[in-house]
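Have a look at the structure below, then the notes.
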């Protein structure tokens, strides 16, 4: 399968803004692979389309910055000063290289055309090179690809190396294309993808006609996308919908997914990042659980042992992000994990089991229920304990008054509110479901991503003063919903200056456009209808609550979330 043929389709995908047209072009790619290539080619093309070489769950990166890429390109005859000027003009290194490559003698005519396999395997080798002289070796490999590439191939090769394809292709659109082409319900593919986090593997198995492959099943040490809750306007409304339900304390912590096989333990964040090394005390506590193979979910909370109440969320992030002096940090910040679900135990998957059964299995493993109705005194006594592994506090009821008492108690011990869970519901990975709700005392804050930064004035003249913030639609397209500048300390502004300067796409004078990589949580006075923004809404008086380093752009709030909160807000007026 020729890389050139794939790039021609990528170009068509890039030119259209219509999701269905993007899907249909990708269907043509699938058809091309079926005719000219092999299933493994489709696997690689799926990764490439979303700017990856490795599967989504795999944390490895190529680690090639723009500087090394520029050096690789200048070694094949493109002048550095011309390239830098063209990058400034286009705002896109891929387009810049394409335009300049078209002006030099086409040496690529004397070489065999690049194949998908060659491009993919070469970049994999680049990502695996380490040690002394690694930069020179990487430079040679990358240069060899650009030497043989045509101008359009150079555009997508450069973007792939920087892991940003800019064609507007995402996993949901690929899943849609696979569903249409192979005539398989999209919901089925979405579930498999959420379990594997490997769109390439899924596509390959579909082309092989092997959708029941063991490789597509739940697997230890391959984290799965978490099931997410929706917001409910009231406890009464949730009970009206569910009937008898399980209420659990909603913790202000960081969600973790824990995998255990004997003495091997891995801990993953909600973004599926491996945070094992930062949490050694949790690893040791999990090793002592008397189960051989296990996948459980929980909330990791920083605990103040003097009061038994949770410490600020930022303390948890300090632990998660720590790479050095971990022992010292362990003494400063004590952690506790409240387990709340089980997905796998000793060769048996529990994903399709009802929540009531999953909870019972989890309680058998821990050895107690933490039932607020019958064990409240013991629970309160143990708030200040050294316990590292616990199980979420629960109340099973259909009585709104009793549920409200449990909710108020959860707030009184320093937590956020309650989760409300349908006892009969299976675990639906990767979905925001209507079988699990969260209820908090105030309007839900929003997780948004920064897309522009405006240069500051006065006291903020050395930093950026305000930031354009965006939510997303279901396809991953970003929509501005306001600008925020309050709630930030000088240290925050200094941090943002450093981070934003690394991800500038285009300098627009008074402001800069940046890659959507910095996620922040914002509070606001209210959500308003607005013609100013294409999404139709604007935040009134937004303020930064905290940085969400545990979340990526795919996990920010959606326009649908904004609409739902807006309706809840109207109901409260």
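Backbone N, Cα and C define each Cβ position, glycine as well.
What Swiss-Prot lists as active site, N6-AMP-lysine intermediate is 250, and the listing cites sequence analysis. Cβ neighbour count for residue 250 (active site, N6-AMP-lysine intermediate) (all protein chains, 10 Å cutoff from its Cβ): 22.
In the three-state DSSP scheme, residue 255 (ATP binding site) falls into the strand class. Per Swiss-Prot, the feature ATP binding site maps to 248, 255, 270, 299, 340, 432, 438; the stated evidence is sequence analysis.
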Residue 250 (active site, N6-AMP-lysine intermediate) versus residue 270 (ATP binding site) - Cα distance in angstrom: 16
Most crowded position, judged by CB atoms within 10 A, among 255, 270, 432 as binding-site residues: 270
Cβ neighbour count within 10 Å of residue 438 (ATP binding site): 18
Neighbourhood of residue 299 (ATP binding site), C-beta criterion under 8 angstroms, separation at least six: 251, 253, 254, 255, 256, 337, 338, 340, 392
Secondary structure at residue 270 (ATP binding site), reduced by DSSP to three states: coil
Distance [Cα-Cα, Å, rounded] between residue 432 (ATP binding site) and residue 250 (active site, N6-AMP-lysine intermediate): 16
Intrachain C-beta neighbours of residue 248 (ATP binding site), sequence separation six or more, cut-off 8 angstroms: 340, 392, 393, 394, 395, 418, 419, 421
